[in-house]
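**Q** Questions regarding the structure given below will be posed in turn.
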């Protein structure tokens, strides 16, 4: 579900224990109740707080809601009767934590504010009956073990166990990290894999180190530490955890990190079940991955790679690089790919049958960050990299990495060594590409030049000169001996590989063209610009046939799948977009509509021939052809008792068909040739439809306004014709009398 509050930023929210009610609080001092299954806001009311709501929580019955505000007050709301039942005052500063006691018969509320104390409120008397003082920093979570035991966690790197009978601290457990959440493990269940060997209270902590730990209350000892693929840091980092909760029904523990990644673990083993990536930051590159292009690998503005499964959105986060990853490329089979980063290294990754990705090799040798990479096309045999040190390097891939059997035995990444190193340009090399036959390498640089190299010894074969600004991307055509380049001058160029001449120039972008790829089996080019636009070009005609506006910032990533029917783009606006080629689908739909149209027209002709006017009218209306409907009406009127037959057929039409006819006759009535048919239909509708029924017709007002002036004009014309007819008749009678008089005079 996606819920959008148009009023203001959401400051807090709470979901009821029965999963029916979701309430959000905004900075506009409003509370909203949502039907989250239908994505609808069902109720809005004022929070009464004079400052934004900082925290909220439901009681165990889902009937009471507590809201803690930045105004130092707490308010209790009856969600059934819809009114405020309590206004609790006495907290110091922002109330950032509220929790009801799970035993509703006690009617107790627990809260904490910036004075680091835990207050216990008696809802019968609306008074604070106790304060639990022990933390020296913000209290982040409260967990009730039973009716009389409370576990609290804080950013002071300790967790405390409280006896609610005596309201004293029973034990203080140092956890050596800032804790954001403490979750109690259920008493029932097998948690032996988490170090739980005996009965007693155990809880899981999540905090600044980004690691889940299991603690035993009786001994104040950590009995299990979650293994992670990264080095733990003492201070807060992007891997730090901000939230943690237990989902008993699914036997899962869910965590949220600073990077907004949602990670779901098995509660009994802490094995990863699913991971959903949140905010991507600036996306620098993206590629399809997997034998059936079932995944995408994404390089964001971080040292970690993200591999998304397209069907489920499950995400793997790959650790290895120490600085921002700049570029990616995938081998032909889709199981191996290469990444390069600012840490001057490249890494080779391999996907197993189960979809898990591991690093199998790494290479060091560049003097500066590695900004571009390209893989061999025929076999998984070599990789070409280029760097800000103006050099290109060719790295051989050992057979041990390409063989599935041998790759499965790799325990640590192998070290790669560059086979060839060549200084290629005078400025940063932005792009490198390998030809489809693995014999040529092309590079594009900020020095406005593209160069062609031999893959065997990295010898220079030719230079492509013509761009007015730096070149961002180079690509070989999959079907011709052509190289495509894109530049900061806003143009794309096609070059011949034999004579290095410019064959075509494509102009249309108003900003730098960052990436290009060949699509439609090499007959079209797709380009992406720094203005967030995609353009599709037909090579034969030099024409831009489509402009796609799907991003708001620079599009750095652009890649097509093996089937050549889907494209993925990635941008600095943090968005990754999948585009599907629907050309064939649309052509088939158009063809099917044309065939259906021909069949209906033939059927209409047969109906008119057979004088089955009612079905002919209905079919002509469904075809949305006013002239055809008019022809049917004229055919009916030509019959004996045509008016009567017309009335019978019009009356038997459905309401939507009558509305369509009403729309058509407005057009007919504008022409004096067709006004008689239009007036005949109008007469039928007015005769057989009640005024109230006519008023319910769609577009009746505009139809009447259009009919009136032309109808008046037609009647005026008929009146003039009648007067002229009478005058002609009078003159004719007079002429006959005069002629008779002359004949009598002649006779005399």
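Placed from the backbone N, Cα and C atoms, the Cβ positions cover glycine too.
Pulled the feature table from TrEMBL, pasting it below:
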REPEAT    3-44  repeat 'WD'
REPEAT    46-79  repeat 'WD'
REPEAT    88-131  repeat 'WD'
REPEAT    132-172  repeat 'WD'
REPEAT    318-352  repeat 'WD'
REPEAT    363-405  repeat 'WD'
REPEAT    422-454  repeat 'WD'
REPEAT    464-505  repeat 'WD'
REPEAT    506-547  repeat 'WD'
REPEAT    548-580  repeat 'WD'
DOMAIN    601-735  domain 'U3 small nucleolar RNA-associated protein 13 C-terminal'
**Q** Applying the under-8 angstroms CB criterion, which one of 88-131, 363-405, 464-505, 506-547, 548-580 scores highest with the repeat 'WD' (318-352)?
**A** 363-405
**Q** At least three Cβ pairs under 8 Å linking the repeat 'WD' (88-131) and the repeat 'WD' (46-79), pairs spaced 6 or more in sequence?
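**A** In this chain the repeat 'WD' (88-131) contacts the repeat 'WD' (46-79) - 3 or more Cβ pairs sit under 8 Å.
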**Q** Quick check for me: are there 3+ Cβ pairs below 8 Å between the repeat 'WD' (363-405) and the repeat 'WD' (422-454), leaving out pairs under 6 residues apart?
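**A** Counting Cβ pairs under 8 Å (6 or more apart in sequence), the repeat 'WD' (363-405) reaches the repeat 'WD' (422-454), since there are 3 or more.
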**Q** Counting only residues 6+ away from its ends, which parts of the chain sit with a Cβ under 8 Å from the repeat 'WD' (3-44)?
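**A** Same-chain contacts beyond the ends: 50-58, 60-62, 65, 67, 77, 79, 82.
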**Q** Within the repeat 'WD' (132-172), count helix residues (DSSP H, G, I), strand residues (E, B) and coil residues, in that order.
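**A** Split by secondary structure, the repeat 'WD' (132-172) comes out as 0 helix, 26 strand, 15 coil.
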**Q** What does DSSP give as the helix, strand and coil breakdown of the repeat 'WD' (88-131)?
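**A** DSSP composition of the repeat 'WD' (88-131): 3 helix, 24 strand, 17 coil.
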